[in-house]
Amino acid sequence: MDPQTSVQAPAHGLPSSPQSQAPTLQFATEKAVASLRHLMHIESFAGITLMLMAAAALLWANSPWADTYFATWHAPLALTLGPWSWSTDLHFIVNDVLMTVFFLVVGMEIRRELHNGALASLRQASLPLIAALGGVVMPALIYMTLAGNDKALLNGWAIPTATDIAFAVGVLALLGRNIPGALRIFLLALAIIDDIMAVLIIALFYSGGLQAMGFVIAGAGVLLVLLFNRMGIAAAPLYVLPGAVLWFGLLKTGAHPTLAGVVLGLMTPVFVRSTSQSPLMTAQAALRKAGDQISSGRADPHHLLQELRAAQTAQRDLLPPAQRLPMLLHPWVAFVIMPIFALANAGVQFSGIDLQATGPQTTALAVLIALVIGKPLGVFISTWVAVKSGLCKLPQDLNWHGVLLAGLLAGIGFTMAIFVAGLAFKDAALLGAAKLGILSGSAIAALLGLGYGFARRKRLQN
């Protein structure tokens, strides 16, 4: 008998050695990581994650431990450096700091679409632009009509005007792969224009008394970004400094500091850096040199590391920043920042909302009706008028069933609507009622969109 055979076959009933278990454990770990990465690239999974975190917030805020929910997000935080100190709470960090990264990705997506995407030309952008205008005006009019002459309630007119891109596209993805590509592009363009309008609304209507000194600081941040671009600095982490200056400047002006993310995103280059040699050739040369060193058996760790770093830098330069950075930031935004935002803001304490009172009752109903009815009506009617008047034409793979489905899904306000509600209402009762209307309206819009999509799935195809 071959002695190796007897060594390799463990006795029956005895545990295998740690060495034999290691490859199995490594394979299982790698498989789990690969599955997680696959999930993170499925659009519907981002929407499901948001839904779960919103549900968790609601359960926590209405549980016996509700006090800990509100105490957690309003826990005081302080930063002290010598005589200088800055104090805030966790809620501010989530809504004003982390959400800046969300708006940065939104800004870069808008920049990319304006350069060579669905918004690159007036002809391409006209249909989703008109649809988005209708989807902003109609919900705002419905809300204001229901709010009446109450000035406190009228301040929330912009709450139902925005669309949650991740949620809307995630729900569309649940309908399967047979959804026409033109419908997905139309919904994406519509949601992006919605976000542009939401940013403008925040800047124009929800910024306090603007302070001149803040504009000086913000301008210095913008100039630093332009200087970095001019110097050809491509390392994204270095832009944190001018970005922080811009953020602080906007905070000082009285405008919402998250707008710094949009400004930075719109300033992100859409072209690759010009070099004497193409990044692909540089990467190939560096990897070839590294391979030669390894195969020769005389690899110097220092030189090998240099070649690998050169290959990594060249790989980074293959894609323009406006395309590369959203890909890097998307998992963090979709699966960390937005879920934390949902957990921090979706916790509505039902016992604290008196729906018998006129103000909260009207606010909740106005937001819900504006999202569920106003959004699809605005999108559909404005698109119909634009097409019938000859201003625009429907894309070849998009029909009226698809337009109505996009309108229904545009009623999923969630993240942006909650964000605007926090700016619109300082009164806790009205804010809670607005959040209740947003959560209910977004859930109904999602269910209506899913139901209509499944019922008309064959008719969505021309």
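From the backbone N, Cα and C atoms, a Cβ is placed for every residue, glycine too.
TrEMBL entries are annotated by machine, without manual review.
Taken straight from TrEMBL:
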REGION    1-22  region 'Disordered'
TRANSMEM  45-63  transmembrane segment
TRANSMEM  83-106  transmembrane segment
TRANSMEM  127-146  transmembrane segment
TRANSMEM  152-175  transmembrane segment
TRANSMEM  182-206  transmembrane segment
TRANSMEM  212-228  transmembrane segment
TRANSMEM  233-250  transmembrane segment
TRANSMEM  256-272  transmembrane segment
TRANSMEM  325-344  transmembrane segment
TRANSMEM  364-387  transmembrane segment
TRANSMEM  399-424  transmembrane segment
TRANSMEM  436-455  transmembrane segment
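Between the transmembrane segment (364-387) and the transmembrane segment (325-344) there are fewer than 3 Cβ pairs closer than 8 Å, counting only pairs 6 or more residues apart in sequence, which means the two stretches are not in contact. Here the transmembrane segment (182-206) has long-range neighbours at 103, 106, 109-110, 113, 117-119, 125, 127-129, 131-133, 135-136, 158, 161-165, 168-169, 172, 255-256, 259, 262, 379, 395-398, 402-403, 405-406, 409-410, 416, 420, 423-424, 460, meaning same-chain residues at least 6 beyond its ends whose C-beta is under 8 angstroms from one of its own.
Through the fold, the transmembrane segment (256-272) approaches residues 95-97, 99-112, 115-116, 199, 202-203, 206-207, 218, 221-222, 225-226, 229, 239, 243, 246-250, 279, 317-323, 325, 423 of its own chain, all at least 6 residues removed from its boundaries and within a Cβ separation under 8 Å. Ranked by Cβ pairs under 8 Å to the transmembrane segment (45-63), the stretches 83-106, 152-175, 212-228, 233-250, 436-455 are led by 152-175. For the transmembrane segment (152-175), the partner stretch with the highest count of Cβ pairs under 8 angstroms, out of 83-106, 212-228, 233-250, 436-455, is 436-455.
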